Amino acid sequence: MDTTTTGSMQQQTEVQFPVEQSAHHGHQQDQHQGMESTFPSELAMCYETLSVKDADETADGRMEQSGESQACNDIAGSVSALEEAVEKGKAVLRDLVCVFNQAHVSVGDTGWRNGIKELLQSAKKPEVVIGVLGATGAGKSSLINAIIDEKGMLATNCMRAATAVATEVAYNDGPRRYKAEVHFIQPEEWKRELEILCHEMLDENPDINAIRTTREKIKATTLGSSQTSSSPYIDSKSGTGREDAGLWPLIKSVRLYVKAQALATGAVLVDLPGLYDSNAARVAVADDYLKRCAAHWIVAPINRAVDDKIAQSLVSKHLKSQMIFDCVCDSLTFICTKTDDICVTEVQMCLGLKSPSFDREEEEKRDLATEVQMLDEEKARVQGLLNETQDRIDSLEDVSIEDPLPSPLKRRWISDAESIFVEFQIVSKEEILRAYKAQKSELRGRRNALIQQRKVKGEVLKRLTVELAQKHASNIQTCIRERNNYSKTEITKHFQQLNRENDNRILHGKTELEGGLPVFCVSTKAYQKLQGRLQKNEPEVAGFTELEQTEIPQLQAHCIRLTEGPREALSKLFLIELKKLLQSMSLWSSATGSAHVLSDAKMQEMEAGYKEAVAKMEKASLFHHPLTASCQSQGMQELQDQLFCRLHKTFARNIFEKLDDACHRGSQGLGEVVADWNESVYWSTYRAICRRSGVWKGYNWNREVAHPMLEYISSYWIRTFNEEVSFHLESFSQNVKSCLDIFHKHVVSSADESIAEQNNAKLQKSLGTAAGSLKYQVQGIEEALRTRQKTANRLFVEVIAAELDGTFWRCANEAGTGMLKRMQALMQREAEVNGAEILRKSAQRVSEELSNILKQTEDEITRMVRARVRELARDYHTAIITPQIIKLSEQEMQLKSEVAEALRKAEQHLALDQLNLGVEDGPAEQLRMTLSAAVETGPQA
């Protein structure tokens, strides 16, 4: 891949790493593994962004009570059972495709083949995006490396920021172990960034103009290893020369794929450094990820995490506001890193822990060490004498027998230690040897005794050292555990307090963080060391002897649990649609006999009566009876109109009518906002912010302008999307089910004796499945509505940014003496003259977008209801009318017989009735009695 900064830039580069990570790798372009689904057309994407909740989890990230643990295991087991059923269902559908493909007759306009194809395409795993947020140096990259069980998939550095672009880590379904996708910044975005940087470099150093036209060409070859190859695209290090310049300024985002068990169920971890980036494109990428995030992990070193202001500093005012508008405050998880970085004395003092005394053991250890040292020295001295004696013996043995003998009677010291001397008169060589050998034997015995004493004392010292080390390690473990518990309690308390302060006016009858903020205290260094991934010469991490003590395994389990909700929802949706399809096919295949002989008039009468019943179900009241509630006597169209009317009234009352007041509130606060900029921002920072349209590093002036307005409208916004929309859609689902129950009872009763008892039972089951399917689809539409509102609520800031762009440009072009005052005056004048109009345009654009969202929601509900009515009409027609008017050929009967047999086997294989899919097989008994009374009375004019 060759990429230049001045030419057209390739937008995506995909690279794959084989398991061996050899120096030679393939480099090819693969298609994205998207999460697209076409059946049902609007729902697959919706369930991928389901809000992730984990009510059973305690504050320390683990299930402490056995009942909660069992409940968690039951949930995981049920999800696994559902996913297993999905796989079986896919196999059944493929078998049915083979049955239809082998048939030599047409199946009419039933559309079984298309239904099977679309249902197979909808069987996708959800993608649960988890945003990892935190300040530079918090350990986000190390944390992700530990979770995915890799040593250095993401670049880390202890002295500087290592990750410069949004890095997404997902599970790799391909045959290779690693894969990477690099997404580049658009040429026009990069050009704009270069222009800004050139202006700033010229401001600081005019001599830079001599080299600013140089063309820089960047080349990327095939990858030698995952870390080495991905680091140039991710790492923020910039070399001093051209050869080692980093590629990251050209990169918008990087997506890495790895075979990590924690990600196998659909979790996607996203390291988001771009929240405070200086590059507008990467800021936009980070904000786009925030829209997609189903969970948010706040990461901070544990030695900073218990600060009273940690919640405010890590979840800034603007980020907190955005999360409130996105309805994701209940998705937070707090992670304290670097728990191995501990000073025992400080922790004991701060937490008031009793410091255990090891003075007696330490003194005993020192005494033993002294004794051992003395024994070692004595043994060395005795060994020296023994060596000297052996040398003399060897010398004497070399002397010949004729050599002259020593002078008579000599006194000689043999052992200075024992003050022993031997007086002898040498008369022969043998006597001298005998004397030295006796001395050697005595010294050897002395040495062996010292060795035995040394061994005993050494073992005692070793045991005491181990015991003392264990006590110190236990003390460190106690301090780590107590600090972890204290941190979890304090962090939960601080976040709940912050939640109450900010959201008391927003949430009614519900406090989103009161259910328990999941908090984990982890040590990635200890985890990697215990897993054997660090260098062997690196010391053991004190205080950690088991993987569970690092809390990384618990965090990995938490990551998997976050996917259970979306996985369960998608699996249930697929299985309900599968069940409905199989029930419809069962009704179709059961009509294998010859048709009854009926007159044309009778056939027309049955058809007309049936069509009238269907039309009434769709558009008009079916019954009117005192025993039936009004919602039960309404047609589908009336229920839709009622729902749409309630949604419009809710949006008008809570948002549209409040936007004028919000604009007024924003106008009143705008002067104070601009005054704060003018008083507190240095001139170079002021111009840098203006050059980047109000967004630079930790600054977002556009959102600050919008903040007073957003603060006012937030309570009504959350009430709309968190409460009232959900209530209206749930009521609609219940009312539609009642309408379908009435339709069933009326059609069956009007069919007299013409409907078989077997088909009647099948229709009841099919009706319950259809109602369950509709309920899940309505929930999907609600999630789609919430997802779209994330785009709508960001329009407040986006429109303000567009309106202020001209003013920012004029401020950025100010130069010379007094430029700061001129910039401040321009901004102040813009706020006074056009501030109110800018906020009004912002509110108007949001209002238009919400109207579009309402229209999209109405269209989706209309399409869903029409499709459900068509399917029900087909099934009831198949069960009641078709057997009376259509005569099948032998080939058609043979095909239906084969399909019926395949369905019988599928029913035994799948056992869908044994799964908890949340559907009922037909009307409830109480409703059945009410409907019977209504039918006996008959329809009223």
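The chain as shown is numbered from 1 upward.
Just so it is clear, glycine is given a Cβ too, placed from its N, Cα and C backbone atoms.
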Among the residue ranges 221-240, 481-500, I'd like the one that TrEMBL describes as region 'Disordered'.
221-240
Correct range for coiled coil (source TrEMBL, candidates 358-399, 526-567):
358-399
Pop the mean pLDDT for the domain 'Dynamin N-terminal' (130-321) in here, whole number is fine.
70
The coiled coil (358-399): which same-chain residues, six or more beyond its ends, come within Cβ distance under 8 Å?
415, 417, 429, 432-433, 436-437, 439-440, 443-444, 446-447, 450-451, 453-454, 457-458, 460-461, 464-465, 467-468, 471-472
